[in-house]
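**Student:** In case it's useful when we look at the structure, here is the feature table from TrEMBL:
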- B:172, B:201, B:230, B:266, B:286, B:287, B:288, B:327, B:328, B:329, B:330, B:366, B:393: substrate binding site (BINDING)
- B:370, B:434: Zn(2+) binding site (BINDING)
- B:514, B:517, B:522: [4Fe-4S] cluster binding site (BINDING)
């Protein structure tokens, strides 16, 4: 079973009948229910795709129109497809014509928010976050939050990324030249969302990139991000010096038409920044960053992503694609954290943020990486200051480099800390980081680890309602409602299976102890017995003395017999 | 294989020939070596026990003497032994007579340090920590650090717990009434130390407590801690109200004679504190705390551990047992963090710290538990202030309650943070926390997770030399020295096996990529190529332009062909 039987998916109706927001309703054994944020409405058969939830909302705005999109090219799926002379395993569902803005209209959530328009996407988000819709609109209008929502990805269920809202988690999937298949990637998508990924990035760099992405988009209820330079590089045979603005622009439009919601653009890697990395312990560790650095050096020209940035903004504004301004010069080791190269790039990203906002394009800014714990806060403070509060989206950061195989943990430490200080979205790290491509289990471990880090930050920030989840679970724990403890757990199956390793009997699910301490040493049990006998709020000396006498008369034991 | 083949155990000689401190020497493929702190010298056969490393040091001080110890009692091993009429599986090695101070001499490291005496234990610690021995002596003298070293545990290799030194990790083992055996517990001890546990607590609460502890002590190269109230409770049939100072005192002496190095004493749970817990979400969650609270309420008398505290100090001073002042009222949920009950107890622990110091007894103070990340720092600040800098020893804390099954991670987040702010030792939490007794794999996961959290704190604190490990590993990573990356990893086997899941071929160990990105997208490789071609420290425009021309002439590709 993929979801505990106490869970049901409920659609909460918003201010208009077609705004119906999914929550996971947990039925507790004491008759109460607890609603958990969930990232996925009713699912789909992969071959048919998800319902086009937002299609009517997009159409009713009447500022976009369908058009004959770019012709797909065999090379969109890599050189293997060219050699074969055909794509393979194409998505069999009904293809919609792509849409884009009418003329030079700007069709972004930022544009609407600035104009004082409350979109259904904003209504949806407000229900989801349990906040006033005006908070959503005003934060989007100020650039302090984004709602990634490409008009060509109507399947996506709106979500918001911003420091005033719940901290979000992104999961990376995607194949590489060495491993994986389309079916595996679609399975990883579904799996990641099942465990709570708020967005998914398809970072494929191998074959079948276009087709893999089509399957993913048509089946994704969460926004999809990409790094288009990866596909562009495939189109020029992996030779960075052959990359051109034209190839890149064509790839971006291809992805805009498919429905990618946000794209990582490494426009902050400037020619003059590259030498700043020469004496680093780990040089440039961003794939996109190293590709663009290689291009800049090969041509001794400025990064074409930077010189053509306004054109990119114009394209993004026509589809409502959000920028994720890539930190191509992020540190790859704690030794390189917060160094001149990283901060020089951040200054450039701040300038680009302002330029994108001039085009009404939504922006988030990417952050590191590997940062010792004492330098983590500075990263958020500088980014929020320099980038005027644009949402920060960080990869970890890893608090130490010494634990390959455990980097979901080394990075969750940094992630919880940086989110507490204001990072809006965390990019997960799996146990395979630095070692290989994550498999299905790694995706689950990475997502669950990051959900707990994000929630720890929500609690630390005092986010309204965040602690209610902790309290509900702790009450279940204290009252020995084992089934409720499992059902409320971030990962019910793991919690239950760990419990059952030592006490598999059905009766143990109602026992007032577990194998950790056994019945006689269970402090929860003893403490409950004490409370039951002495009541809550006891403080009178006399009352306690009398209770003590009663307690001894009753046998004086707070333990069960073995 | 339990240790990667690149590892050898080397003994580093100190200022006297019998001070020989183990380090793990990692041989790197580039001819360099890297020495890692390790917690265990040459091992032992469990039946024979470890060499009595410190015996000569203890004897040469001539302030202790062997004596006829307390007679063991069948009840020391629980009611099952009484029913059987015999202990079972007793440790077969050579039994030494117990030692204690001559007369009322104080034989503690604190006493020596205050007297200006540098003991071999301090010399050993200084070599281990790579610091001046005067730092060791002065920190111990000030009470800001402890060297747990019972005269009856001469097998232990001295280590220090204090904020000026490397952050340490404790692993809890021990059976419960429901599960485990003596052999399993000895195996968990060895396993925990193999992975880097700095101390081990035997928290057994089931049968064979005395015998289990004997096996553990005779085979432990690290200090052993216990919570003697657990065994005392077993001796009175699990009935808290039948506990007496006499039973407890006898149990403490039994454990002093066996060689326990530090004992958790819940002397801060006062009668007047108990009502403060009545309205908590999770009441009292410490086993010792709930036992003593139950006793106080049953008798309506003050906690006998508190009323007899000076007698305890006199006993501890004769064996050099250190206090670990237990936080019996620690919060068991984020809702209860930093509340009146917790802080009232901490005030009492501060008073007890001063009283113990008057007897020259070493002290550390235990801390929580479950604490939201924004309240973590306050815990250390108050403890360090109120307790005059006595070492803080915390259990996690868990930064959220929602993730049973992942509490090694929720707590590692809190642990790294609290250690960065000055906690000296972290008590590990395993994935089984709240769910069951940890097995061998859980012990490993818990120790490795806490070692990385402790190291992240060392790096964040700028501890001299801490970052050298990160840098060595990052350099290996950047230079594609895969074997070195594995050998330097906190857990070499896991790192190597994760890598080999997708690229098992021997040749992949020298490849300039892994399956995460494949050869063409490996940023490390691209960045290295850039560095190789352009050199380090390049900053002249002209030089770069010339290099750019050369680069294109050479083919302009920084990628290998597939």
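Using N, Cα and C of the backbone, Cβ positions are placed for all residues, glycine too.
All TrEMBL annotations are machine predictions without curation.
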**Student:** Just checking: which of B:370, B:434, B:522 have a Cα that is within 10 Å of the Cα of residue B:330 (substrate binding site), counting only these binding-site residues?
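**Tutor:** Cα within 10 Å of residue B:330 (substrate binding site): B:370.
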**Student:** Between the Cα atoms of residue B:172 (substrate binding site) and residue B:370 (Zn(2+) binding site), find the distance and write it as a whole number of Å.
**Tutor:** 17
**Student:** Work through the binding-site residues one by one (B:172, B:286) and point out the residue whose CB has the fewest other CB atoms within 10 angstroms.
**Tutor:** B:172
**Student:** How many whole Å apart are the CA atoms of residue B:328 (substrate binding site) and residue B:522 ([4Fe-4S] cluster binding site)?
**Tutor:** 52
**Student:** Sub-8 Å Cβ contact with chain A: please pick out which of the binding-site residues B:172, B:328, B:330 have it.
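**Tutor:** Of B:172, B:328, B:330, none lie near chain A.
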**Student:** In sequence order, which same-chain residues at least six apart have a C-beta under 8 angstroms from residue B:370 (Zn(2+) binding site)?
**Tutor:** B:282, B:330, B:331, B:332, B:333, B:334, B:336, B:337, B:396, B:397, B:398, B:401
**Student:** If we check Cα distances from residue B:434 (Zn(2+) binding site), which of the binding-site residues B:230, B:286, B:288 wins as closest?
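**Tutor:** Closest candidate to residue B:434 (Zn(2+) binding site), judged by Cα separation, is B:286.
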**Student:** What count of other C-beta atoms do you get within 10 angstroms of the C-beta of residue B:330 (substrate binding site), across all chains shown?
**Tutor:** 27
**Student:** Considering Cα atoms only, can you say which of B:230, B:286, B:288, B:393 is the nearest neighbour of residue B:522 ([4Fe-4S] cluster binding site) among these binding-site residues?
**Tutor:** B:393
**Student:** Which secondary structure state does DSSP assign to residue B:434 (Zn(2+) binding site), in the simple three-class scheme?
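**Tutor:** Residue B:434 (Zn(2+) binding site) sits in coil per DSSP, no helix or strand.
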**Student:** Restricting to the record's substrate-binding residues (B:172, B:201, B:230, B:266, B:286, B:287, B:288, B:327, B:328, B:329, B:330, B:366, B:393), give me the longest CA-CA distance in Å as a whole number.
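**Tutor:** Farthest Cα pair among residues binding substrate: 20 Å.
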**Student:** Counting every protein chain present, what is the number of Cβ atoms, excluding its own, within 10 Å of the Cβ of residue B:288 (substrate binding site)?
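**Tutor:** Other Cβ atoms found within 10 Å: 26.
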**Student:** Hey, of the binding-site residues listed (B:230, B:393), which one tops the CB count within 10 A?
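**Tutor:** Its Cβ has the most other Cβ atoms within 10 Å: B:393.
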**Student:** Among all the protein chains here, how many other CB atoms are within 10 A of the CB of residue B:434 (Zn(2+) binding site)?
**Tutor:** 24
**Student:** Per DSSP, to which secondary structure element type does residue B:288 (substrate binding site) belong, with helix, strand and coil as the options?
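**Tutor:** The residue in question, residue B:288 (substrate binding site), is helix (DSSP, three-state).
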**Student:** Translate the DSSP assignment of residue B:370 (Zn(2+) binding site) into the three-state scheme.
**Tutor:** strand
**Student:** Across all the protein chains here, work out how many other Cβ atoms are within 10 Å of the Cβ of residue B:522 ([4Fe-4S] cluster binding site).
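**Tutor:** Result for residue B:522 ([4Fe-4S] cluster binding site): 24 other Cβ atoms within 10 Å.
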